[in-house]
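Below you'll find the structure, written out as structure tokens, and then a few comments.
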Amino acid sequence: MHPRFQTAFGELPATLQSALQSYIDAPDFPAMLKAEQVDAITQRCGLDDDALAFALLPLAAACSLAPISQFYVGAIARGQSGNLYFGANMEFSGAPMQQTIHAEQCAVTHAWLRGEPALASITVNYTPCGHCRQFMNELNSGVSLKIRLPGREPATLGDYLPDSFGPKDLDITTLLMDQVDHGFQLALTDELEKAALAAANQSHAPYSNAHSGVALEAEDGTVYTGRYAENAAFNPSLPPLQAALILMNVSGDDCQKVKRAVLAEPESAILTQWDATRATLAALGCQNVSRITF
């Protein structure tokens with residue numbers, strides 16, 4: 001079991017510990033549970049899916065990186081597949097607060113990067129802030145997305161974000177988590193560059209068309225990729241570096257041990273991720289950063 005889970009796991013009910021043990025003990029536990037694993041756990045513990053999601057929140061919050069706030073938030077995203085994806089807030093010392101990742105953003109992006117086509121619900125241990133409500137409004141599940149909080153009746157994103165402004169107001173029909181392939185091509189031989197380009201091809205940037213992707217190489221050679229997730233309200237957009245850091249963190253790797261990074265983005269786009277990517281990675285101790293353009 002990854003050390004970060006030990007305290008929270010020890011505080012779970014004994015029946016849930018027993019049901020989870022074999023999954024969470026796996027050295028490659030991906031901070032998610034597949035639908036068949038969820039079914040096995042709920043049947044063994046006598047929980048319904050919602051009760052299980054609430055019970056898992058302390059484990060999700062254990063993935064939090066909060067050196068600035070010391071405020072640990074966990075979120076569980078339920079995919080239409082029935083899979084459950086952990087998410088947590090992530091802060092980076094030495095980087096501006098604008099680079100912070102909220103727990104809901106983390107869970108949503110985690111699901112997206114794992115190939116989940118749409119979400120059914122988000123369970124979180126604190127009320128979603130306005131930033132996260134707007135971020136989730138970009139999803140293909142729209143305002144019907146279920147939001148569940150401890151001690152409250154289930155509600156929809158539409159209840160939390162009435163009279164919302166979103167992609168449809170800008171005549172955007174391709175939404176976040178829709179499967180896309182933008183078809184950008186380069187003659188590449190470097191595997192990390194290929195991974196960054198592949199991520200850019202699956203990014204969501206309908207407002208700027210500045211599609212971008214990042215690939216990070218960990219010290220052991222594992223590669224984590226992230227895609228740009230643009231938002232109709234612009235500011236809640238999630239940069240591709242943050243998406244890659246999400247996958248790195250939930251996978252149990254150390255975001256301060258990035259060996260090498262590659263950004264892929266257009267040569268002449270109206271905006272660039274380059275400066276922010278380099279600056280944030282520098283704050284994390286990585287200087288080996290390169291850029292490829294298409």
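Every residue gets a Cβ built from N, Cα and C, even glycine.
Listed features, source Swiss-Prot:
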| type | residues | note |
| --- | --- | --- |
| ACT_SITE | Glu104 | active site, proton donor |
| BINDING | Asn89, Met90, Glu91 | substrate binding site |
| BINDING | His102, Cys129, Cys132 | Zn(2+) binding site |
| DOMAIN | 48-168 | domain 'CMP/dCMP-type deaminase 1' |
| DOMAIN | 187-294 | domain 'CMP/dCMP-type deaminase 2' |
Among the binding-site residues listed here, Met90, Cys129, which has the most company in the form of other Cβ atoms within 10 Å of its Cβ? Met90
Asn89, Met90, Glu91 excluded, remaining Cβ within 8 Å of their centroid (substrate): Ser64, Leu65, Ala66, Ser69, Ala88, Phe92, Thr100, Ile101, His102, Ala103, Cys106
Taking Glu91 (substrate binding site) as the reference, which of His102, Glu104, Cys129, Cys132 (the recorded positions) have a CA within 10 A of its CA? His102
Which of the listed recorded positions (Asn89, Glu91, His102, Glu104, Cys132) has the least company, meaning the fewest other Cβ atoms within 10 Å of its Cβ? Glu91
What whole-number Å value do you get for the CA-CA distance of Met90 (substrate binding site) and Cys129 (Zn(2+) binding site)? 15
What's the CA-CA gap between the residue listed as 'active site, proton donor' and Asn89 (substrate binding site) in angstrom, rounded? 8
Using DSSP with the three-state reduction, classify Asn89 (substrate binding site) as helix, strand or coil. coil
For Cys129 (Zn(2+) binding site) and Asn89 (substrate binding site), what Cα-Cα distance in Å is obtained after rounding to a whole number? 12
What does DSSP give as the helix, strand and coil breakdown of the domain 'CMP/dCMP-type deaminase 1' (48-168)? 43 helix, 26 strand, 52 coil
What other residues of this chain sit with their CB within 8 A of the center of the CB atoms of His102, Cys129, Cys132, the recorded Zn(2+) site? Ala103, Glu104, Gln105, Pro128, Gly130, His131, Arg133, Phe135
